[in-house]
Amino acid sequence: MNKLNLSIAGTHKDLKEKKYSVTELVKYYLARIAKYDKNLNSFLTVTTDYALKAARKQDNLLVSQGEGVFEDFPLFGVVTAFKDLYLTEGIRTTAASRVLENFIPQYSSTVVKKLENAGCILIGKTNCDAWAHGASGENSDFGPIKNPWNKDFVPGGSSSGSAVSVASDFCLVALGTDTGGSVRQPASFCGVTGLKPTYGLVSRFGVVAMASSLDCMGHLTNNVGDSRRVLEVTKGQDQFDSNIQSVKLAGEVRDIKKITIGLPKDYFGQGLDNQVRTKVLAAARFFEKQGAKIVDVDLPHTKYATSVYYIIQPAEVASNLGRYDGIRYGLSRDSFGDEAKRRIMLGSYVLSSGYYDRYYLKAARVRTKLIEDFDKAFAKVDVLLAPVSPTPPFKLGEKTADPLSMYLADVYTVSANLVGVPGLALPAGFSDQGLPIGFQLISQKFHENMLFDLGEIFQRNTDYHSQKPKL
Amino acid sequence: MAKLTKSDVLHVAKLSKLDLTSPEVEKFQSQLSEVLNYMDELNTLDTDRVLPTSQSTGLENVFRGDDHTNDCLARDIATTNASRSDSSYFVTKGVLKK
């Protein structure tokens, strides 16, 4: 096989036409990983034998059952990588931290099970910022991940390896987690499509917990159509996660001329790089030409969102990482890296006696104000269009000594997590240096169809998402 | 001025069950102080009459049916990742001193 079909539908078409077998497909991806990933470091574990075994089983199934398999298994033959926060039974899961470097889970997370039952083939576990703490991929205890478009630059984070592996054609789909932008921002930095679903739509069970009121299980794909197909499988009730709601997704776009898109003024102010501004506004103009109405909206508490997030999130991190006592699993707490230590201590501080009211409670109140901002905006508009990151990808090492500047780069993504609404990051073009720039669409809760429908219209008329880095 | 003193950092480290080296104490003192200083911007907002939000779903008291659920992990499997175990018990350090 020489040319890959970069979508689930395309892969199914090729498999039906017997252009290649599932085993050949898996071998193709494995060969690419072996050849190119040494310099990118996107995988922590490659499950060669496990994937080949699953592939042989599927090839046999295709022979015995014919094309019915594509109905029984909607993600048949979809080669999938998982951020190394998703527990995989019998396969090492590290959260990219030394603490878990020898941890072999005794069970798989709900999302892994659902996807494998739908036909996904697990090809490996991807590198990330340890415990999902970071926005650059530099906080991994197993070495930084590199941007495939230019290895001197960061791929974004924390789902860095997942974004890199999709961009580099090491897999067709990769799962990530988004607590404050960790799917959308690396998607934007690597030129792929990244979904953060509504909080409470996809089960968190069996995924290493970061901040439980914010954690969303999202995914990275080559295009919007694939993103929609994956969510169709991952979403829905789970007896192990009581926050999950079985809701029929809403927001279909029947006529784009009836859609009003809001540009949050507060997302286009000081601090936004001009190249990013230009690409994001070009995306808005595209929708305007299609007939959508574009209006300005106010999200006046945006400037406080980062502070709210960096109080609530570390508070929940301190609690979730409290369980790592080195007794039941994992190494002792000495093995935590610097960023985990910073967040645990920050969280302990804002929750500690004498500071709880001033920090944690205050942040929880401002979180309410952020929710009110979004409610008011969605009373006026159907969807928001905004930048993902204030800058294009930055150079490795540029921000590592200054945690605050790294935190402030999350300004456009954290609100969706605090409010609980979904966001879809889409490629919008390239910087002067040839690095990807993305934009995001944000809708009301459970209106993912709005994001998908608009995203598909955009990708039908642009080719940013089909461009690939030269490795 | 640094927001946190050295003893603040040591106190928080103790609450967090983290042992810090003295260069770490110095580094975290300045980094955490900088972050906390930035967060003081929240105090410019009047939120006295605003209710706090701790989660965004609006769900309350979620119950599941009292039906048969999946089996738990067997004891010998549950202890496979323990640093020390003894016939499917976790072994911990003693709590009481002799």
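Note: Cβ is positioned from N, Cα and C throughout, glycine not excepted.
TrEMBL annotations:
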ACT_SITE  A:Lys83  active site, charge relay system
ACT_SITE  A:Ser158  active site, charge relay system
ACT_SITE  A:Ser182  active site, acyl-ester intermediate
DOMAIN    A:24-451  domain 'Amidase'
Protein Cβ atoms within 10 Å of A:Ser182 (active site, acyl-ester intermediate), excluding its own: 35
Three-class DSSP secondary structure - A:Lys83 (active site, charge relay system): strand
The domain 'Amidase' (A:24-451) [mean pLDDT, rounded to integer]: 97
